[in-house]
Amino acid sequence: MATPACTFVIFGITGDLAARKLMPAVFELHKQGSLHPDTRLVGYSRRDWDDAKLRDEVKKALKKFAPKAFDEAAWEGLAPRFSFVSGGYDDAAGFSRLAEHLDSLGHPNRIFYTSTPPSTYGGIALHLANAGLNRSGGWTRLVIEKPFGNDLESARELNKIVLEHFDESQVYRIDHYLAKETAQNIAALRFANTIFEPTWNSQYVDHVQVTMAEPMGMEGRGGFYDETGVVRDVIQNHLLQLVALTATEPPSRYDARSVRDEKVKVFQAMTCADPAASVIGQYRGYRDEPDIPDGSRQGTYAALELTISNWRWAGVPFFIRSGKGLRSKSSEIVVVYKRPPHIPFELRGPVKPDRMILRLQPNEGISLRFLAKKPGQGVSLSRASMDFYYDEEFNKGGRDAYETLLEDAMMGDATLFMRADEVEAQWRIVEPVISTWENAADDPAFYERGSWGPDEADDLMIKSGRSWHVPQVD
Ligand code: BG6
């Protein structure tokens, strides 16, 4: 379905996110026929580029980051729709030039996207308003990248600035994990079927694990990362969102208001992460990466135990972990069920509990692991698996999250974006871990590159009589 015609303005179009994610997503939407033929793309950045240079650079980025998808004929159709305005993010004159340019394009529907350093978000909102760009004859939307703030106070401050000039319904705060197919599929699995939901609670579930593992190190992001760290970079947003999607009550409708209302209730019931039940780790060699100060204590790994104090989840711990420099790229949610109260067979060893594995990447899909009888005389049990893979079932893997998010922003659907109260609630949950860590002096728990993280994270599970699920490795 074609999105409505609009002008899509990308602040920071010369940066890495635009090259790697936004341009390939725009190009894909264009190829699929989802971009309205009248939609225009405007790049804004401090660089001294012009329209021709922008088109050249976008083409290079597409060839580099989406080589398989690149198609010369499709590009020829899209290229003339790009134009460029040069200006700073704190430069009123630049925003006036942008306003004039947008007027000259003549389309009243506008999306502004902040693909810029986080410190610029508030200023961009303010300057847009000062240039009269926060309203138009059509609709105006502001898409804000993550991280939204640096802590609870700065997130509140940023919300305040943004909401002084834009209505909440105009603001689209990004967390691209929400747009991954399996993340969206959690709601379908739970609320479009009858067989899972009756056991999706403390009566049957022993605990839940959420893992987001990445093999790469800093790859040129050292400066940003050492100021940010793993808790701010991915735990405060991606992992907490996955927990919320797993734990939420069924919304009455699958729309932005109902879905986000339910997620906020989960965050409100979530106990602040206990620093004593958290592990902050760092891969060996991190301190030797470019732009990392000697002796940095920044966490490249974290494991936290969260509790949700409500009727459905009381007593069910949620263990979440994420790290760089780990064994493989793997994001998954594992729901581990309780053991049966009585097993009438003779057993050779301890019974492994059933588990449901929701894989976001790689091999997006769902597996249910359970015990089955091995063929032969007598009853001897063995693990078996029921597997659903997206690419086998639908002949294609998941769509890139940014395609979904850009299309949703153009369609005006904010279901997969975060609301102001959600972001603030998420900061409240992780803040004790961040501040305790930042005020301490001890070294992080070191781990080898290519491992599954520090021993201390295993101890966290062992203490509770459990163990981490080992993700499937390609
Ligand atoms: C980003 C983080 O939000 O997500 C990065 O800032 C991380 O540090 C990335 O690498 C991972 O995203 P994906 O979609 O590749 O799992």
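Cβ coordinates come from backbone N, Cα and C, glycine included.
Feature annotation from TrEMBL assigns domain 'Glucose-6-phosphate dehydrogenase NAD-binding' to 9-185.
Sequence-distant contacts of K146 (NADP(+) binding site), defined as residues of its own chain at least six apart whose C-beta falls under 8 angstroms from its C-beta, comprise P118, R173, I174, D175, N237. Sequence annotations record features per position, and here TrEMBL assigns NADP(+) binding site to R46, K146.
K324 (substrate binding site) carries neither a helix nor a strand DSSP state and counts as coil. If you look up TrEMBL, you'll see H176, K180, E214, D233, K324, K329 marked as substrate binding site.
The domain 'Glucose-6-phosphate dehydrogenase C-terminal' annotation in TrEMBL covers 188-469.
TrEMBL lists H238 with the feature active site, proton acceptor. Annotation for H238 (active site, proton acceptor): same-chain Cβ neighbours under 8 Å, separated by at least 6 residues, are D175, H176, Y177, M212, S322.
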Exercise. Taking the Cα atoms as reference points, how far is K180 (substrate binding site) from R46 (NADP(+) binding site) in Å?
Worked result: 32
Exercise. How would DSSP class R46 (NADP(+) binding site) in three states?
Worked result: coil
Exercise. Any idea what the Cα distance is from E214 (substrate binding site) over to R46 (NADP(+) binding site), rounded to a whole Å?
Worked result: 32
Exercise. Taking every protein chain shown into account, which of the binding-site residues H176, K180, K324, K329 has the largest tally of Cβ atoms within 10 Å of its Cβ?
Worked result: K324
Seminar exercise, completed: Looking at the binding-site residues E214, D233, the one with the fewest other Cβ atoms inside 10 Å is E214
